[in-house]
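Sequence annotations record features per position, and here TrEMBL assigns domain 'Lon N-terminal' to 5-200. The ATP binding site feature in TrEMBL is assigned to G352, P353, P354, G355, V356, G357, K358, T359. Here TrEMBL flags 588-769 as domain 'Lon proteolytic'. Per TrEMBL, active site is recorded for S675, K718.
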Amino acid sequence: MAKTLPLLPLRGLTVFPFMTLYFDVGREKSIKALEEAMINDQMIFLVAQKDASTDSPGEGDIFNIGTISKVKQLLKLQGDTIRVLVEGISRAEVKNIIQREPFFIAEVVEGHMEEESFEPNEVEALKRRLVSVFEDYVKLSGKVSPDTALTVSEIENISQVSDIIANNIPLKVEQKQEILSEFHPLRRIERLLKIIYQETEILEIEKDINTKVRKQIDKVQKEYYLREQIKAIQNELGDRDGVSGEVEEYKARLEKAGLPEEAEKKVLKELDRLLKMPSGSAEGSVIRTYVDWIFDLPWNKSTQEDIDLAKAEEILEQDHYGLAKVKERIIEYLAVHKLKNNLRGPILCLVGPPGVGKTSIAKSIAKALNRNYVRISLGGVKDESEIRGHRRTYVGSMPGRIISALKQAGSNNPLILLDEIDKMSSDFRGDPASAMLEVLDAEQNFAFRDHYLELPFNLSNALFLTTANSLETIPRPLLDRMEVIPLSSYTEEDKANIAMKYLLPKQIELNGLTRKNLKIDEETIRDIINFYTREAGVRNLEREIGSVCRKVAKTIVSENKRVVTVTKSNLEKYLGIKKYRFDFANEKDQVGIATGLAWTPVGGDTLSIEVNLMNGNGKLELTGHLGDVMKESARAAMSYIRSECKDLKIDESFYEKKDIHIHVPEGAIPKDGPSAGITLATAMVSALSGIPVSRKVAMTGEITLRGRVLPIGGLKEKVLAAHRAGIETIILPVDNKKDIDEIPENVRASLKFICASDMKTVLKNALVKA
Ligand code: ADP
């Protein structure tokens, strides 16, 4: 049924049925409509403007559907404004505008819906759904009082529920209008649900963004706070600006250091990186270590070299007994170096057994040349990066040994001793020898690059010297660059002299004694040499003498004595029981036992070879850990004997009836090499013929199938060992005759040398004539 009512356009406001609300009215046309309503039954039609900013809306500017309302109260405010309290009654649609001026009067029709005609379960379901969604929304938004949700759930009228909810949610005018325009309550609930869902989703996204933003802000604030704290701590500690102060210090150092340009650039770059690091970071300390390394290297520090041959000779003489040839070679080398005025050319390599003074000679050379001395031990170096360093990407990486040695030397022209270059080996990590080649090559070493340093360092001013125990294991290309100076074992005579003149005074001083405190004569020293050491050099001898000195020092202090005399008879009191028994020649001449001579890296030694015969069928058995070459020597000796049976007066069929067992005792001596050939043959002939071998004879030499005797190496060491063992006659290959000259005079004088070219000479001299 149509009603005629004054119409009031609302700005930005929607009134729902069952709602009571205030709003202020200022527009004249609206006030007039209100007055009209008050004159009649206080009923008025409220409808929203499409655009809130329109001041005097026409018919087209307002929505079609609004709310028939009752004016409950009017309150005059300041000016012309009136505050109105209205209550929504029912929704209605404008059918006709009857009057436009001075205010709108409209003909409106209420919408009717019979609620009872709905399926009650469906209504209830929708209602419950709506209420629960609304409750979620309330919780999430925080803008609606939770009481509202409670109230809503208790209302029975379904139409009312949706209107109250729509009114309580902050919606846009269009959204509210959409709800208002829907007359059908169920469809209205559906629309409302859709809107609430949408709003809830927006709220959730908003909340999500909020937490994220908050977290980020929290983190930023925390870091800021911590940084401020660090600053405060650094200030407290007097380190005003932490890292930047440190970098300034480095830069000041850089100005004075006068590094090569490339190094300087590198330092600046690294310092720049350091500034960007958070203080206390691990990377920062890596950079510091690196920069420190660069500063610590002697880029332009050197000592003034001074090649004075007379002085060099004097120093070498002062520090070392004997070694005449070695000293001469070194002086020659220095003379060439002085003339050429550069270090190009072969590298000296001192080769000899341990303890013969290689290191000590190198030290004397450094002293003579006024160069700093550093030693790099290459024993056991397997990896190229030990020479050349590890790249800085590895944790804890370090420069290689060359660069470390230069830092240690403190000058860029030290004498660098590459000790035990023969003990380097290569494995899958690379070949240290090739890195070594570059170090030693004058064409390349002016710009040696270490992996860690990443900067070229000029090694061409350094003087390299190498030492080795034997030449065999030195890689060929390295050996080609070296000039070898051999040092051989010392005789007892040498050792006694070195001990009396050098080692004893040194140890006396080292142990806080004076010459007067300790009385010890040369005879006693010789006993130490013979019964407490067994070596080519004098290292253990020095240790034993040191040991005597220590014990003497103790006696002097604890027993309050002034002089202690050490003699042959009381030596055991100081050094304990004798460690070595002299390996004297056999007690008597024996069948099947011959004495050979062996060379080892620690000097020569005697070697007993035993042969036994047993009934059998010609088997040759070899025991005593013999190497392949030695086994072959035994076979060659056997063949020689078989072919010479008649001359040797041996039963020709021995190899059909007898087994021969050859044994070489003495575990410590390496048993490979051809030089035992004639000894093996002699022992076998003795066993087969039953003629004993003279116990005073020792021999060395390679044997051929025809019984020729071929030359061998290491004669001097072997002869010294034989002399020590009390041998009187030495049988040697005729081609080694020239080497006899190298044997010290006193030893030579007490021995008889027989130079053999064939086996017959050997046997004639070795076998005791039956
Ligand atoms: P190497 O390097 O050959 O193994 P070292 O140079 O270390 O031997 O020598 C060991 C010790 O023996 C050092 O104290 C050294 O001074 C001393 N020494 C070696 N040979 C002589 C010598 N001819 N004169 C004086 N002392 C020597």
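Here the Cβ of each residue, glycine as well, is placed from N, Cα and C on the backbone.
Automatic, uncurated: that is what TrEMBL annotation is.
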Return the residues near K718 (active site), defined as same-chain residues 6+ apart in sequence whose C-beta is under 8 angstroms from its C-beta, sorted by sequence, else 'none'.
-> L597, A598, W599, G604, T700
Expressed to the nearest Å, what is the distance separating G355 (ATP binding site) and S675 (active site) at their Cα atoms?
-> 25
May I ask for the distance between P353 (ATP binding site) and S675 (active site), taken between their Cα atoms and rounded to an integer number of Å?
-> 19
Additional residues surrounding ATP, by Cβ distance to the G352, P353, P354, G355, V356, G357, K358, T359 centre under 8 Å | L350, T467, L487, A536, G537, R539
When the Cβ positions of the binding-site residues P353, V356, G357 are compared with the atoms of ligand 1, which fall under 6 Å?
-> V356, G357
How long is the line from the C-alpha of S675 (active site) to the C-alpha of G352 (ATP binding site), rounded to the nearest angstrom?
-> 20
Collapsed DSSP category at T359 (ATP binding site) | helix
Please work out the number of neighbouring Cβ atoms within 10 Å of the Cβ of P354 (ATP binding site), leaving out its own Cβ.
-> 18
How many other Cβ atoms sit within 10 Å of the Cβ of G355 (ATP binding site)?
-> 23
For S675 (active site), the number of other Cβ atoms found within 10 Å of its own Cβ | 29
CB neighbours within 10 A of V356 (ATP binding site), counting all protein chains shown, number 29
So how many other Cβ atoms are close to G352 (ATP binding site), meaning within 10 Å of its Cβ?
-> 25
Proximal but sequence-remote residues of the same chain as T359 (ATP binding site) (Cβ under 8 Å, at least 6 apart) = R375, L417, D419, T467
